[in-house]
Each structure stands twice: as structure tokens, then as C-alpha cells.
């Protein structure tokens, strides 16, 4: 009995111990339960996310693959079988991309072929001489030859070219006919304004160059001074810009974006070119600005930004470089570039400037480049052609070529204006100023007292001295040279043009390109440094088809130029004084920086003397 109680008591104690143990186990720290709950939540979230991703993938596949059977199979496929489907989709995307690329390439090829066919047909039409589409490098506008011009017989065209002494060298063989009168110009908004009402017919350089420049071609124009070269490039410049929409720029942008740039070697020539060009531009709503050294930069900047930017800039190289370097001007939108007096622009003093300016423009394939000049040395030709694409070369006057390859590819020899009567007087250096005074009094006698006379000196100090000497003699005289401020130079030039002052003393700064009307006489007090400058000096008279006269006072100090001067006189069929021949006819042509080369002017008709030995 007692053992039974003892056994039951031990069982009860074990039961209590188990219950206590269970309670103790259930009462474990709460942290463990929290961790379990967190793990459980994370697992549930992960499962939900995976289900959501699978669902989105399934919907995407349903959209990409239309057959319903494939969609059903995809749902039932396990994860291991989903990989081939993804690969299949990737391959399909690659295939679609490849097909699109092939279509794009075929389309581009087709457009290239059509462009080639159009250009071929255009060239054929040009050759036939019926209609003349543009052979434009930039394709901005076209030139259609007038029906009346196309209808003219070829013999009449040849007679015109011969009479006007026009020689055209065209690498493209486009057979463009010269525009012989203004009615043959293609109709446009500008031409409808009748801008040439004051003129009778185009000058030879305008007549021959316009068909090429209006076609968008690059052009080299070589003609004597006073032949109308300024209008030869002004008309195609304005027509080119007027046919294109003007790009819009941010009004807050303090950088001018011109579409055309004309570069001139001197301030005076730049101002003169701007005056002619702006007259045409204003007729079709284009703006033009002239920038040059010696004037206030801020005023010129304000002109550049006025009216939402400028369309055409006429500039001297120095001031244009300044504005480019400071960011006031960007040439990135230039489609029309002109180098006026190109031989001087590309000569040693300006060649680096021109390279800098043209490098700021679009490539030569994307712009039209024109160069006009009175002289065109061979080395400058090669340099200039690197800026142009197949330029058409128009030469006015019977200019022979020295050297070359026998096909007219040598250097174009310099020639003076044949309408200018040239006279050379060999004088004592100490008596030049008194002889100048005598010539002026003789030239301004009677009814000729108001004739305008241009007097050239070599140095600035000499110009000041001559001006003071003539002023003391009672002659109304003004001067223009590098030591004067720009406003003083402009005032002197305007006084001479208006006739207030009848005598203008100038250095060579005024020799290049200035169009001063009604200059009756040019007097060279001192011979210039080069024969080219001599031709430009005397070219200030006899302009626009009129007659002129030039007198040169030659001294023993100038004898190095006697040979070149004799050749110029003979080519123009002018008398050569015996006193000048005494200085010799040797012509120095620079071939080496240190030594040079000397060539003697030999009469080809003179027979050699046979030498016999006993």
C-alpha cells in the first residue's frame, strides 16, 4: 500500500516536472519569436514578389507572342524550361533590329542613287545648253539660264567673249553662257526690285562670273581695277542668303552668327564694299555690318547684335580676328565667303589670318567661296585653290601666261588698264615736289580747275610733307595715310569724293580697291615698292569704262623697277622714254629668299651675232 502510494507520488512528480519543463520551454525569450516572425514575413514578401514578377513576365510574353497555345504552355512550364523562351525572345529582337538596319541602309543607298541620277541629268542639261540647273556645292539654290540667252546662236556668244576679252576656265565643263544684259538674270525677289536701273549692261567680269556664282559654284575672278568686281560677288551673295530661311538663335546669345563674310585688306575698301552690298541686302530684308580697326568696338558689337543678329559681315582681317577670339562672332553658319583683293589677302602678311578665318567657317564642301582680284601670281593660285572646290576661273583682258605646262596653267602676267594713258618722267630726286606742283597747275587750268587728282607717296612722312608743301602753295589738298585716325581718313576721303578738295595725297593704303569716281589724273611722286602696287595705284583712274591718265616721276633710286615698268608700258602699248631704258630692262623675279633670280627682257626678233675665230 505504501509502495503504491510512493510510486503514484513519483509519477505525479514527474508529471509536474514535465509540465514545469513545458511551461519553461513555452516561456522562452520573446526575441526568438520576433526573429522567427520576421523571417516568416520576409519569406512571404519574397514569395509574393516572385509571384508578381512571374505574373508580369507572363503578361509580357502574352503580348509578344500571339498564339494562345504558346501562352498556355508558358504558364505551365517550370522555371528550368523558361530559359529557352527567353533566348528565343532575344533572338527575335536581334532579328528585328537587323531588319530595321537593312531597310535603313537600302533607303540611304536608294537616295544616293537618285541624287547621282539628278546630278547626272543636271550636267547633261547644262551641256546641251537648254536649261542650266545649279552645279551647287551646297545645293541651297539653283540657277536657270534664261530662255532668251539659250536661244542665242553660239557664234554670237563667241563674238561677245572675244570683244570683251573674256577667258573662262571651267573644270566642270558646264558651258554656262555669259549674262550679256540685266534682263537675262534669273527672276527673283531682288531682281524684281530693279537694283540695276542706273546701269546699262553688266561689266565683263559680272557678265562672265554671275552664271557660275549664281549656280553656287566657287569662282576666281581676275580683272583690272575698276571693272565692277564688288557687284560681281555682291549679287550672288544676297541671292544666296535670300533663298534660305534665316536660322533662329537665342535672343540672349551675345554672339553674332553671320551667314556671309567678306574680307577686305583695308578699312577704306571694307567700307566701300559694305556701302554697295548693304544697298542690295536692304532690298530683301537682310542686314549687313562693316567692322574694321580704328573704330569703337562696342559700337560695332551693338550693330552685330541688332535686329536679332547680322546676315552679312564685311571686315578687315585684324578686327575680325579680335571678335572671333573674344567670342563676339561665330562663323559656324557661314555659307558664303568672299576674299576681296585675294592676292594681297593671301600674301605673306595675311595668309595666316585667312587660314584662321576660313578654319572657323564650315568646310569648303559646305560653303561657297569667291575670290576676286586684279593680279593672280602662281604661288597664290595654289594656296587659294586649297580653299575651293573646282573653281571656275574668269579672266578679263588679254593676259598671257608665263611658264606653265603649255596649256595655260602658268602665272598670269600683270597688265595695266588699257584705257589709262601712262606717262613716265625721269627727274632729279631733289626736284620732285616742284615738278609735282607744276603738273598740278597744268592739269587744273581753265575748265579743268575742279578735276580731281590723286597723288601717291611711298611713306607716311613723305605724304605729310607733300601735303604741307601743296597747302602752302594755295592748293586745296587733303591726305589719307596710316598715321591719321579713322574719322580723319574718312573725312578726307569724303571731301575728295564730293569735290570739296580737288587733290588727295595718299600712301598705298588707298591704292587697293578704292572706287573714287571721276579721278582724272594719278601722279606717282615716289615709285611704289612693287610693280603690282604701281598697277593698283594708276587703276584709281579710268574706272568703269572711262579714260584716265597717270604720270610717274621716276628717279635713279627707283631703277630696280625699270625693267618691270618697261614691260608694263609695252604691254599697254604706251611710250617708253629713252631715259627710262638707260636704267636697263632686267626684271628681278624672286625665286630664293637670299639670292633671287634675274631674267633679262630679250627681243625675240633680234638675231644672234655669229662669232668666228681665226
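For all residues, glycine too, the Cβ spot is worked out from N, Cα and C.
Its Cβ taken as reference, residue 227 (ATP binding site) is surrounded by 23 other Cβ atoms within 10 Å in the chains shown. Residues or ranges marked as ATP binding site in Swiss-Prot (evidence: sequence analysis): 223, 224, 225, 226, 227, 228, 229, 230.
What Swiss-Prot records for 9-36 is compositional bias 'Basic and acidic residues'.
If you look up Swiss-Prot, you'll see 37-58 (among others) marked as compositional bias 'Basic residues'.
The compositional bias 'Basic residues' feature in Swiss-Prot is assigned to 91-109 (among others).
Per Swiss-Prot, compositional bias 'Low complexity' is recorded for 117-138.
Taken from Swiss-Prot, the feature domain 'Helicase ATP-binding' applies to 210-394, supported by sequence analysis.
Per Swiss-Prot, the feature domain 'Helicase C-terminal' maps to 435-584. On the 0 to 100 pLDDT scale, the domain 'Helicase C-terminal' (435-584) averages 88 in the predicted structure.
Swiss-Prot lists 1-138 with the feature region 'Disordered'.
For the motif 'Q motif' (180-207), same-chain residues at least 6 beyond its ends with a Cβ under 8 Å from one of its own Cβ atoms are 143-144, 146, 148-149, 160, 164-166, 214, 221, 223, 227-229, 231-232, 235, 238-239, 242-243, 279-280, 283-284, 372, 394, 396, 544-545. Here Swiss-Prot flags 180-207 as motif 'Q motif'.
Here the motif 'DEAD box' (340-343) has long-range neighbours at 220, 229-230, 233, 262-265, 269, 273, 371-377, 380, 384, 512-513, 532, meaning same-chain residues at least 6 beyond its ends whose C-beta is under 8 angstroms from one of its own. The motif 'DEAD box' feature in Swiss-Prot is assigned to 340-343.
Using a 10 Å radius centred on the Cβ of residue 230 (ATP binding site) and all shown protein chains, the other Cβ atoms total 23.
Secondary structure at residue 228 (ATP binding site), as computed by DSSP, is coil. Across the domain 'Helicase C-terminal' (435-584), DSSP classifies residues as 69 helix, 26 strand, 55 coil.
Taking the Cβ of residue 228 (ATP binding site) as centre and 10 Å as the limit, one finds 24 other Cβ atoms among all the protein chains shown.
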